[in-house]
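Novice: Pasting in a structure now, in structure tokens, and then I'll have a few things to ask.
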Amino acid sequence: MDRGEFVYYAPVFFSTFYAMFAMVIILFKGKLIADIKNEITMWTMDSAGQIIHSRIKIESIVITAFVGVNFMISIYTVYLFVTPIFADKELFFALRFFEEYFPEQKSFLSWTYRGAYSFIIYVMTVHAYQVIYYTQHIKFQIMMFLMYASRISDFDEKRNEKELFYDQEYQRQVQRRLKFCIVRYNDFVVAFSEKQKEIGYLIAGFALCGCLLGLSIVLYMFSKKFYPEYYLRMGTSSPTAVASFGALIFCGQSLESQNDFVLSAANEVSWYNFSKNNKTIFKIFLLNIMKPRVLRFTENYSMNYKLGLTGTYTNE
């Protein structure tokens, strides 16, 4: 085929790379996200009080609604692609191939080929939903942890602040809370680091396939064969793809931001009343939480707003 024909067939051609990569991950990494409860101790949603519980509940409903609506639109998109239109053989090379080399079986082969898209749409979206599921579960756990981190030096009973430095009972309670926070946050670090190793190259692979697919679609839209019949298809598939990408960026950023909230809460702790030993332990806690926790798939690219807006991430 010539260069012009390649541009016409490129969107479907490159989408198969994305779909095949997703299929391989499902076959060989099917439990990539499902074992989250085995990686970290999951607190119940009411572990940090009613306010945090309500926030988690509302956010969970919003996420569930988004996934449901986005998936329903995806199903409608499948229906549009399965339904034949006159110019499909100029978009799907397989249909042209069937017509030229298997004219007697082209009807059966064409419908079999189109029917495969009902499965492909699930394959192409399930990994995005898995990442959303994982990041938001970790985010909810950090939200509950944040409440404990912010109350390291706060107690219900009234105490004379000038005497806290010499109050042995107060120092013992502070030390117990500091050690509890260090151990709990270390659980997040270990789980996050292990998962980062597992999914880092996968994110890079999906990003590469997605960029190729997006570029091919843009080139095709500027070609002279973008018929009005394709408007509805593009009008449903493009928002679905953009919404999925945007949700991944938002979830990655929300996880990063939650870690920043923990650091801000720790900076508000009245550390000046701690004993020398507790100050040392508090410094260890600060060193742990000061390092940004981001979903990084290369040295310079991470899943956050900087990637969504500029396509780059620069270490400061």
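Residue 1 is the first one shown; counting continues down the chain.
The backbone N, Cα and C atoms fix where each Cβ goes, and this holds for glycine too.
Unlike curated entries, TrEMBL annotations are predicted automatically.
Taken from TrEMBL, the feature transmembrane segment applies to 6-28, 61-82, 116-135, 199-222.
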Novice: Six or more residues out from either end of the transmembrane segment (61-82), which same-chain residues have a Cβ under 8 Å from its Cβ atoms?
Specialist: 114-115, 117-118, 121, 125, 129, 132, 136, 232-233, 236-237, 239-240, 243-244, 247
Novice: Mind checking which residues reach the transmembrane segment (116-135)? Cβ under 8 Å, same chain, six or more beyond either end.
Specialist: 15, 18-19, 22-23, 25-26, 32-33, 36, 63, 67, 70-71, 74-75, 77-78, 81-82, 195, 199, 202, 206, 240, 244-245, 247-248, 251-252, 254-255, 295
